[in-house]
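Features of the protein shown, as given by TrEMBL:
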| type | residues | note |
| --- | --- | --- |
| SIGNAL | 1-21 | signal peptide |
| ACT_SITE | 410 | active site |
| ACT_SITE | 462 | active site |
| ACT_SITE | 471 | active site |
| DOMAIN | 522-602 | domain 'Carbohydrate binding' |
């Protein structure tokens with residue numbers, strides 16, 4: 001009886017708001033987008049709406065010999081951490097792709113796209129070479145020692161990079177996902193920019209997949225703040241899913257099928273979705289491909305992905321075999337430090353999956369029974385309404401929404417008088433003594449920021465030094481864009497599973513390039529030119545183009561080709577290597593030569609073993 005009473009109370013808390021007043025989701029959407037403008041680093045644009053911010057980080061990367069000006073500060077500090085920033089951009093893009101019509105109706109599509117582009121413009125700068133990605137600017141330890149406005153920073157602003165000797169498959173994979181997802185956002189309005197993003201995404205995925213390793217083993221300073229606990233397999237699958245959506249290239253669909261079991265996509269049943277753990281996200285995307293009828297021969301594998309996506313949702317509804325914890329007020333609770341990040345991602349997945357099921361006239365089967373799409377949407381609404389004030393404290397955890405919201409946010413910029421109003425320099429430790437310790441409200445209201453939120457018992461202390469509860473983060477807000485747009489704009493009778501009419505990407509999209517030696521003048525570009533099915537297997541025809549980018553003739557070129565499982569034409573086998581045919585002999589300046597091969601696998605690994613210039 002006690003259990004039944006507890007369950008009844010939980011259901012009431014989840015689906016009956018504490019306040020009878022309806023929430024203004026459109027206003028909350030507008031405010032949440034303003035928060036991203038407050039987090040901007042670099043030279044602020046003329047249409048900047050958060051007027052208390054000024055230019056900052058104008059020397060970022062200079063000490064490393066690269067321009068890394070721009071991007072976002074992740075939270076209440078002034079470091080630019082690549083992994084959460086990329087996840088933020090991916091989730092903003094996903095929000096736009098699912099609920100573009102609702103964002104148009106709300107008048108916020110332009111602001112949402114601007115928020116995405118602020119991130120992708122920075123990633124283009126940070127991806128300086130196909131196999132080089134700058135993954136962090138600034139250092140968490142020195143930054144946290146100081147309490148300064150971004151405009152006053154005196155801390156080290158060097159860039160930290162990933163390369164073949166210092167890999168980071170998780171960070172490179174997430175950045176590839178962000179670029180691929182964003183390319184879809186701009187496919188209609190700016191196709192040239194979209195194609196540029198897609199090219200970066202191809203290269204980043206190849207870098208992540210070929211040179212495997214955890215990014216926090218290369219950028220060790222990030223380990224204390226954004227450790228890669230889940231490893232990199234989830235990001236590789238996540239990136240492949242977004243690249244398939246962006247390119248419609250079967251290579252990536254096959255990658256998901258071939259690696260689903262070994263990389264955990266079909267095995268891990270999750271109770272969280274976050275900047276670190278992407279399994280629930282990729283499982284949801286693959287389930288969508290399956291419901292759209294795109295799985296083909298991979299349907300059995302993709303159904304196992306879908307099973308795990310639905311297990312995640314069942315756990316959020318507390319109808320699974322391993323359920324999430326909730327507070328007495330009905331909020332998902334995973335950890336005391338910035339718990340809201342898990343609330344918004346889970347609510348986003350529940351929202352989109354509800355619409356997928358509605359579009360396919362389906363339902364969700366949980367161990368505790370069948371769940372209709374409306375129940376998933378009601379769950380997401382209960383979480384968002386809790387955030388906006390329907391909770392035991394009647395507190396809005398979105399700054400600036402409602403009358404009772406956090407006033408002493410753990411955020412350097414908002415807690416110190418704006419540079420525009422008082423340009424007097426605030427020193428590193430001076431900020432702690434003069435501003436951090438103040439008990440008064442922030443001089444700059446950080447409108448739209450979603451703070452860390454209450455503890456496991458719905459308790460919350462609005463204190464600046466309570467960073468676990470009062471610090472906001474960009475990745476808290478990113479999933480909210482889609483949810484708030486959906487609740488403000490409604491369903492409108494659209495079919496979520498129908499393909500959106502977008503201009504196609506360039507024909508013969510390059511598959512991930514297998515790079516030659518960094519010192520080689522020969523550039524190798526591989527493309528899938530056709531595919532077909534025979535005897536239950538999918539075969540691919542690959543075109544591989546070798547281009548001499550130097551001003552001299554390349555002679556005696558020797559290539560290494562591994563992972564080749566079919567016939568090859570256009571090269572001569574010579575022992576364990578391949579050479580140009582006798583009738584070609586050499587490769588003149590800026591000249592190209594093509595060879596082709598066919599097999600039922602991903603692209604072969606092609607690299608340069610040796611050559612002579614003359």
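A Cβ is built for glycine as well, from the same backbone N, Cα and C atoms used for every other residue.
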Tertiary neighbours of residue 462 (active site) (same chain, Cβ under 8 Å, six or more apart):
406, 407, 408, 470
Enumerate same-chain residues with a sequence separation of six or more from residue 471 (active site) and a Cβ-Cβ distance below 8 A; give 'none' if the list is empty.
75, 76, 338, 409, 410, 411, 451, 452
Looking only at the domain 'Carbohydrate binding' (522-602), how are its residues distributed among DSSP helix, strand and coil?
0 helix, 51 strand, 30 coil
When a 10 Å sphere is centred on the Cβ of residue 410 (active site), how many other Cβ atoms does it contain?
24
Looking at the domain 'Carbohydrate binding' (522-602) alone, can you tell me the average pLDDT?
84
